[in-house]
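One structure below.
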Amino acid sequence: MRILSLLFLLLLGFLAGNRVVSATDHGKTTDVTWDRYSLSVKGERLFVFSGEFHYQRLPVPEMWLDVFQKLRANGFNAISVYFFWGYHSASEGEFDFETGAHNIQRLFDYAKEAGIYVIARAGPYCNAETTAGGYALWAANGQMGNERTSDDAYYAKWRPWILEVGKIIAANQITNGGPVILNQHENELQETSYEADNTLVVYMKQIARVFQEAGIVVPSSHNEKGMRAVSWSTDHHDVGGAVNIYGLDSYPGGLSCTNPSSGFNLVRTYYQWFQNSSYTQPEYLPEFEGGWFQPWGGHDYDTCATELSPEFADVYYKNNIGSRVTLQNIYMVFGGTNWGHSAAPVVYTSYDYSAPLRETREIRDKLKQTKLIGLFTRVSSDLLKTHMEGNGTGYTSDSSIYTWALHNPDTNAGFYVLAHKTSSSRSVTEFSLNVTTSAGAISIPDIQLDGRQSKIIVTDYQFGKSSALLYSSAEVLTYANLDVDVLVLYLNVGQKGLFVFKDERSKLSFQTYGNTNVTASVSSHGTQYIYTQAEGVTAVKFSNGVLAYLLDKESAWNFFAPPTTSNPQVAPDEHILVQGPYLVRGVTINHDTVEIIGDNANTTSLEVYAGNLRVKVVKWNGKAIKSRRTAYGSLVGRAPGAEDARISPPSLDSWSAQDTLPDIQPDYDDSRWTVCNKTASVNAVPLLSLPVLYSGDYGYHAGTKVYRGRFDGRNVTGANVTVQNGVASGWAAWLNGQFVGGVAGAIDLAVTSAVLSFNSSLLHDRDNVLTVVTDYTGHDQNSVRPKGTQNPRGILGATLIGGGKFTSWRIQGNAGGEKNIDPVRGPINEGGLYGERMGWHLPGYKAPRSAAKSSPLDGISGAEGRFYTTTFTLKLDRDLDVPIGLQLGAPAGTQAVVQVFMNGYQFGHYLPHIGPQSLFPFPPGVINNRGENTLAISMWALTDAGAKLDQVELVAYGKYRSGFDFNQDWGYLQPQWKDNRRQYA
């Protein structure tokens, strides 16, 4: 098997090698260049270790910096970012890039401050499980014609968006001192015809021109949607529209959320794919599985054990390295929240994604394991120019082990990526590995792989000007060139390690500090240093000056290499080494003091190797800690945690309740509502009745809609109503104030119909009112039939049964429609419930004395609606990060639509009859961790059985003493209630 694969790969390498030019710069800038090996920034090769981050899903700019610091600390040097058109444009011609979390300049500034690059992805179409795939909702009603083509109507709508956002991206390119290094065109757009006049080709050329007009000069990129086609590569049928850097999206896990035994099947054909599709370009995975989304009725993310497993990161991400990938973006690295009505119907409120960084911004073990790879790629410069020697099962003494073999042609460095051939295997296997080194062919003995484990074995690996490994069976975590060369290796507890220094023929003396016993054995190619990994940290000081840290995996998870530079490209002499705490955000060295900013849940050991004997004092979050110097030069002490903090979220006892569906009453004054009087729609989806009742045709897009249809006569026996508001969405109807039916919603139905029966006793001779209230779970993405993002929302058709016609229809949605009356929270935060329109969810609103003293636990007895409000105060310590959430519960069988508002932000859409989510976290800035908070809950029943909750409780997640500034005034993000809301009754 090895011979066949090696011959094939050598043939591909020969063909590619004769077609390659190096250091391509596309004529626009030399700050970012590329060749078939890697991207280069400012003349230095870069392993792009990136994570996907969507600022829309975290509407607190200060928390972006929190996330970026955590990513930087855990080995990432870049983020990939979607810019959603719909988040910034409430109406045609209007763009908001300044208000609150719409201020994307702050995104770029924080990225630069944290020391991470940005890959910009502005669409115009994004997908991303966000409503309408990121399109502006005002445009997603059919007026764009044939979307994602060269259609003139479509071009006229998206061009202003790309120009406006493109100018801001351009101003933040690396050429202008900013962090942007790549700019993506469109998203997963499959090239279906290699013809220059094809509409997709013309469309991609249009995008390129508009981005260029906006001033973009960094290389362009695109992301192929899996191995289904080859699209927009200059190396494959380039007839126009091709980008500079071709990329392939891959979500290969095939995992079951609740069955860890299923799936876990590696893809081992990436290298061949890229050699065929983009042989002059570096291998780029713009979206590689960092988790997976869950649908309505699916699973809670915290129960997805397989996706959350650090084993996934270990095996899959190292397999990518073995495939010679040098640009990798983890989708998602932090998912965040589909707050407001930002979700597409395929997902619920949480967008946790089982990502390495939890929705609550807490670090999962998966991120800790990912860090081991990120820190390794950061210092392993020889990895950035390798040839594929071969792959297969012939490199080891056990045919159950699969090997990727990479070699750097300039330095002879080798990287052997090992995993079980059957990647889902749970077997523990011990074997020897045959490698090629500068000292000749060598068999490295006693390598052990646990089940679902991967290792990168290095040979001829330089870790200092005069320090190198001939080989090591332990994995390299990182190294530092300080006063001495410091090498950091890791293994699982109980695994055997063996390493040999290059060009060190004589046996070195050494001293060991820790629980791991190291012995030396002279061989024909140098002295072997042999050990079995014990728990904890062991330091070994060699007589050649090298200091080696030997870590077990759990200790490696808490090992950091914080940079002393803000440059995303960190040289081995531009970081120090810290072991022990939960998080190290940053370090500075001032004279004799090393100042560390970090977080800790519990008090931990703290070991700092700064490489400078003048450094005698360690400060943790501004306070000096007691420390001592070890015999090998580090400083050790204790970093305080939060175990002493008493966290008791207040109970929610004092509620006010008001009717949030007064508009179901026949005498309700709807004279200021929007009249539905259109007889034709720009939407291509056929009408089921007249007038047009598509909510988007009247400027109401997100959230609940309320319709009131009038008719005369007592002979009507019912109505046939069809509604489309996304899967899982329900609706209910009232005739002259009395409930007459509806649909509770289902996870497999976006369009629902019901025949409503009218009791003749409810009818009047004139002016009967049928009120229909519809829930909303988002606009569809492009792939959903029949028309994707244009699939209309609201009532598709309504006809009377038994004779007669509706004489009029009126609609009410979010207050102001497209006017965007709350620009801070934006156009997709609210819907059309009366309480929302009146602003009862906003801070500063005071319920009148007439409001009932009732809570969601009391609920409602029939098909009604209530809006509940209360306030509470949090007094967390100023240096504490304590994510807070709201736990809801409802009696079995409850069918209702529940929304949660925290300080005006809709941060929970709870459907107890569908699920799965019942716990809703709030980030600092949405919730005031040191101040008063306004909590509102809207609830309306989908049946005449009524609805109530049986649990409404604030809960704390973890608690962390932090050096981040959580003691902030979030008032600018929480505009107060104003009495002008009354005009939207």
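Note: Cβ is positioned from N, Cα and C throughout, glycine not excepted.
Among Tyr353, Tyr395, Tyr402, the residue that Swiss-Prot places alongside Tyr82, Asn127, Ala128, Glu129, Asn187, Tyr251 at the substrate binding site is Tyr353.
Cα-Cα distance from Ala128 (substrate binding site) to Glu188 (active site, proton donor): 11 Å (rounded to the nearest whole number).
Measuring Cα to Cα from Glu287 (active site, nucleophile), the binding-site residues that fall within 10 Å are Tyr251, out of Tyr82, Asn127, Tyr251.
Fewest other C-beta atoms within 10 Å: among the binding-site residues Asn127, Asn187, that description fits Asn127. Each of the recorded positions Ala128, Cys257, Cys304 was scored by how many other Cβ atoms lie within 10 Å of its Cβ, and the smallest score goes to Cys257. Of all the binding-site residues listed (Tyr82, Tyr251, Tyr353), Tyr251 has the fewest other CB atoms within 10 A of its CB. In this structure the alpha carbons, written CA, of Cys304 (disulfide bond) and Glu188 (active site, proton donor) are 26 Å apart. The recorded positions examined here are Glu129, Glu188, Glu287; by Cβ neighbour count within 10 Å, the least packed of them is Glu188. Relative to Glu188 (active site, proton donor), the recorded positions with Cα atoms inside 10 Å are Asn127, the candidates having been Tyr82, Asn127, Glu129, Tyr251, Cys257.
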